[in-house]
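*Asks:* As annotated in TrEMBL:
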{"type": "DOMAIN", "residues": "281-452", "note": "domain 'DNA primase large subunit C-terminal'"}
{"type": "BINDING", "residues": "291, 370, 387, 427", "note": "[4Fe-4S] cluster binding site"}
Ligand code: SF4
């Protein structure tokens, strides 16, 4: 109600939700949160975290997404009690569900923690801003901190003036004694303020950091991150007990997979139809991503590729629409300078049939996503697989960019991205450069096969149509789509998930999953 103290919206996510939920609610919430975190990731890759532009851009992006608007609403804003509770419930539930989905591997955990922490930081800053502009004495930040047992000692006026020279010297953004007198300071153990310590933005004495009010966000964020990584480790251990639930586990697994882009083949068959072995040289030149171009030219040069190269490239070719018979023909021809027909049949044909699910486990293997290529099977001496932006030295990469006809300026930008570990963004900029697209052309690269499809769509002319409809050209299913297309991509996502879940059993009892 309006008469009571406003309730705090910001969450530390200590208490798991309880009660029971419809399975499709679970699914929608999970996907909504995932979409939200993907948007957080995207903005964070493009801009300096915590900066004004970053906050504005993030607010703009998140505001358009389901869940986003309510997460950005600050505590003092009055909404009726029922709606308030519902919004909090969706926030908490979506967080906990995705936490479960993302706790299996180290990569997923790290990703989830990073994005959730960035989201938390943004919300905390918004709460601080709201506190500052509020006329009442209510402080959402203070209420949040004390509700979560976080106590920072505030410095008395006397203490502050005693330390004035040190505080002035060590705290950026405060220029004079007069200014200093208007800023509240807190004392906290230095481990609470590691961000500030690391960037030398705080006065340290006897193991304590003297933090201005603006630094409180940094301390709260550090706590939040530590809490979350501990909780994910706990959730990970609890997972085996979830194994009994035949509905939730596949759902969570599918969602986690979706993040890595590994699900790419599930729906898309490649827009160009069947690809024949004779077409590969030409396609490689115009539409293959750099990783596959490199594998292709190594294959042409050496008449050979090593194991992981054959795997990465073979599955990619399968993904762009090359049938098994063509693949055998292609590889036999490519190896011909070095390997005769007999040897090929004995040593290599098996592997190709294996990729197509015709041998061994008979699994229908999917082409590798960028994340997978970037993070697994690191190439060694003599290997040609991997992602050039990740695995290629700067000089060599610069050379290749030049060979691809990319201008000095653009090449410099791409090299910087690669150096900053933003491999997929480097690839996106590369994509824009070779297709002569402007820098505001909306595209993101998650998968080599998606790169290929986007390229084909552009070159065959569908690009214009797709752009004018503002549809993101085909990508992995979950991505922060522009609002105009959100409905369309949501439909596609639910289709895909429907296959995973047995809809008849549609109630999930959440009490079973409390870690
Ligand atoms: Fe290939 Fe992905 Fe690396 Fe681009 S980012 S080169 S598509 S692995």
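From the backbone N, Cα and C atoms, a Cβ is placed for every residue, glycine too.
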*Asks:* So which other residues, same chain and not among 291, 370, 387, 427, have a Cβ within 8 Å of the centroid of the Cβ atoms at the [4Fe-4S] cluster site?
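*Replies:* So the extra residues in range turn out to be 289, 290, 373, 374, 388, 389, 390, 423, 424, 445, 448, 451.
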*Asks:* According to DSSP, folded down to helix, strand and coil, what is residue 387 ([4Fe-4S] cluster binding site)?
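*Replies:* Reduced to three states, the DSSP call for residue 387 ([4Fe-4S] cluster binding site) is coil.
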*Asks:* Just how many other Cβ atoms lie inside 10 Å of the Cβ on residue 387 ([4Fe-4S] cluster binding site)?
*Replies:* 26
